[in-house]
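J.: Residues or ranges marked as domain 'ABC transmembrane type-2' by TrEMBL: A:42-272. According to TrEMBL, the feature transmembrane segment maps to A:44-62, A:77-101, A:122-148, A:160-181, A:193-211, A:246-269.
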Amino acid sequence: MTTTSPSREAQEPTSVGNGAGALTGLRVFTARSLKHSFRDAESLLMAILLPVMLMLIFVLIFGESIAAGQGGDRSDYLAYVLPAVALTAAGFGASYTAVVVSNDMTTGFMNRLRTMPFPAVTVLLGHTAASMVRNLLATGVVLAVAFALGFRTDAGVAEFAGAVGLIALWILVITVVFAVLGMTAGSAEAASSYGFVLLFLPYVSSGFAPVETMPGWLQGFAGHQPMTPIIDASRALLEGATPGDAWWVGLLWCGGFIAVAVWLAAVLFPRKVAR
Amino acid sequence: MAYTDSPLLALDGLSKSYGRQRVLTDLNLTLPPGIHALLGPNGAGKTTLVNVLSTLVPYDAGRVRVLGLDPRRERKRLQGLVSLTGQYAAVDDKLSGAENMLMMGRLFGLSRRDAQRRADDLLERFALTAAAGKRVATYSGGMRRKLDIAAGLIGRPRLIFLDEPTTGLDTRSRQALWDEIRTLADSGASVFLTTQYLEEADALADRIVVLHGGRIAADGTAAQLKSRVGGSTIQLHDDAGHILEEIPTRGSALDVARHLDAVAAARPDVDVTVRRPTLDEVFLELTGRQARERTQEEVPA
């Protein structure tokens, strides 16, 4: 940079002005979001405690009586409910994304980033990456609790990876959905309350009880909503069985949600400039 | 490079609307490098103008050059040369001061080492070294402001936009920040700040641009603006200093002498001072006059 003013600032060698690339942005913001996650002791505690509690409640309290209706016992229900608990916990974990995105959008932070020479949208990618890390950690906790409670499986590495991969994909789906909610909501409080509905989605699926045991009018929704094939496929894989069509249907749902959410984010992000 | 020989700002017919709401109307302005203040009441369009000039929002019409660059078409190049410190702090509460600075440095494309060095320098300059390791959530309002401005300097901007930098600060912090802003200008950078405080514009700015209702009501040095309103005031005091009477005058020797002849005849012992208008009076006069003119324009002849 050359300048006519003979100042100290100008004489120092400098490489400023080009700005960071998308990769540096992504790295910087992922690190930032992870720091947020791990410094917020209460949220972190919730992220670990919630899956443990859900697992214990469903297996130890409801497990025996739900399983009895299906001619099984508590350990059968443990294997049955495992993917649903993992996804429910991930839903709560991902809802944090709406709050942090909304915070960034409604304070001066995003405005400054938008006047800097690098792609500001990497902030959202950083929040998404951190949410994946947080929620996969929670999934790990769910699996650990399941094994501690006596879950045993014949699933090989491939099946296990398939199940965890599908769960991870759904975590990505709800994270980007919550990120878009956080972007459109006027405040962090509004963002988290919009997301409330999403958190009940797993209960109206094949996750906690068989769809056939629900009232007829509910079966249509429960049987065809996106979480049902994802849960069915994950459950089959975790038990070492073949997931069948549920695998493809689940993948298609995830791909569709991500495509729509990314498109919405691309349209909305440049317009949502705080005045 | 283009920006070294160009005026700091060159606006020619700049207009901006949000939907149907017209926020800025036909702004024409050329400013040289230096410290300049954009002065106006709430809702005058100050923030919108700063947002347009700092590439945050696109303008609708007119020709706009900042450091010789078009904020719409040469956005990225301009972004490497300017920085915006808005009304709402752009610092991350959950990170420490040093982490905030380092993050901004990395985003500006500095290597980790350069970003670290630059962050240390700026933290020291703004007397934040002791608090550098603490989370920003624990900072006072004045410290946050300083960190916010310091973070804006990490990319060595040629032009720094400060949107109401001292709003909400106590008198001491305000004075300290004024000193910092002067130091910035001494180091070769230009500053374009918005303010509601005439005192602030008077104390800092080479040129003052008065914005009112989205239009430029006046622009010039503080002295020019004061003389534009023209009238000085002859004040008559009693012994206790109470003002007995104020006589408006054009300020010329002849006019003052004519008034004083009359005063001397009636009250030979009275204390007399001649007072130049304050910027407050200028401001009220300018914004009031413009409002009146616009009302007249709208009345069909």
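Yeah, the Cβs are placed from backbone N, Cα and C, and that goes for glycine too.
Keep in mind it's a predicted model, so treat the numbers as computed, not measured.
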J.: Between the transmembrane segment (A:77-101) and the transmembrane segment (A:193-211), are there three or more CB pairs that fall under 8 A, provided the residues in each pair are separated by 6 or more in sequence?
T.: yes
J.: Counting only residues 6+ away from its ends, which parts of the chain sit with a Cβ under 8 Å from the transmembrane segment (A:77-101)?
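T.: Long-range Cβ neighbours of the transmembrane segment (A:77-101): 33, 36-37, 43, 46-47, 50-51, 54-55, 58-59, 62-64, 66-67, 124, 127-128, 131, 134-135, 138-139, 141-143, 146, 149-151, 153, 163, 167, 170-171, 174-175, 178-179, 181-183, 185, 188, 191-192, 194-195, 198-199, 201-203, 205, 207-208, 227, 230-231, 234-235, 238-239.
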J.: Restricting to CB pairs under 8 Å, which listed stretch, A:122-148, A:160-181, A:246-269, is in contact most with the transmembrane segment (A:44-62)?
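T.: Counting Cβ pairs under 8 Å, the winner is A:122-148.
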J.: May I ask for the residues of the chain that lie six or more residues beyond the transmembrane segment (A:122-148) and have a Cβ under 8 Å from a Cβ within it?
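T.: The answer is 22, 25-26, 28-34, 36-37, 47-48, 50-52, 54-56, 78, 82, 85-86, 89-90, 93-94, 96-97, 100-101, 104, 110, 113, 164, 167-168, 171-172, 175-176, 178-179, 183, 265, 269.
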